[in-house]
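**Q** Here you go, one structure.
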């Protein structure tokens, strides 16, 4: 019978021999060699896939102002705003140039004043005051003794008469009607004055004059005394003028 101990020992030796033969051979490490030369550039690789979106970075510094762009078209008209407050008064402007001369015809005028040249005028007819003091518009006629209204409106008529030697009764006649009467009683060589003033409304074409009554024509005039009849336009009747 074989000894089992010898059989086990032979098996162990056989296994150790196989293990030694299968193990890689270890080459001893030599010294580090010098750096080799750089090789040629390799071929560019294929483009890689787009990476994932990164996180938002911090805000950068403000850049420089760019050039002005092209002016765009005008926009639609906006809604009118509310009325603003009243502004402060402006400065006084320079004086303008002198205007053209106006039409003098627009200045409505009418006036006269005339004196008596002979005493004791005839009665019941217009007294002819033939010594003209003013009559630029020729509205008074010294030949007839009548004032002719050319501008409708309100007129002032007045007289200042010297009376001597006989009484005087003077009437102011307008439109052939005696509108006012004044009497002065004198006898002998006494001298007195008679005065009168009134306002009349006249239309174009109306006539006004003075006259004395029969036996009452003591209106006197001399180198020392005057008798004067006066009238003038106070203001025109604008509506009648326009018509």
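Cβ coordinates come from backbone N, Cα and C, glycine included.
Pulled the feature table from TrEMBL, pasting it below:
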SIGNAL    1-22  signal peptide
REGION    28-100  region 'Disordered'
COMPBIAS  49-64  compositional bias 'Basic and acidic residues'
COMPBIAS  81-90  compositional bias 'Gly residues'
DOMAIN    105-240  domain 'C1q'
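Can you walk me through where each of these features ends up in the structure?
**A** In the compositional bias 'Basic and acidic residues' (49-64), helix, strand and coil residues by DSSP number 0 helix, 0 strand, 16 coil.
With helix defined as DSSP H, G or I and strand as E or B, the compositional bias 'Gly residues' (81-90) counts 0 helix, 0 strand, 10 coil.
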**Q** The compositional bias 'Basic and acidic residues' (49-64): which same-chain residues, six or more beyond its ends, come within Cβ distance under 8 Å?
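**A** For the compositional bias 'Basic and acidic residues' (49-64), the list is empty: none.
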**Q** Cβ under 8 Å to the compositional bias 'Gly residues' (81-90), counting only same-chain residues 6 or more beyond its ends: which ones?
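**A** No residues contact the compositional bias 'Gly residues' (81-90) from elsewhere in the chain.
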**Q** Could you break down the residues of the domain 'C1q' (105-240) into DSSP helix, strand and coil, giving a count for each?
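**A** Going by DSSP assignments, the domain 'C1q' (105-240) contains 5 helix, 79 strand, 52 coil.
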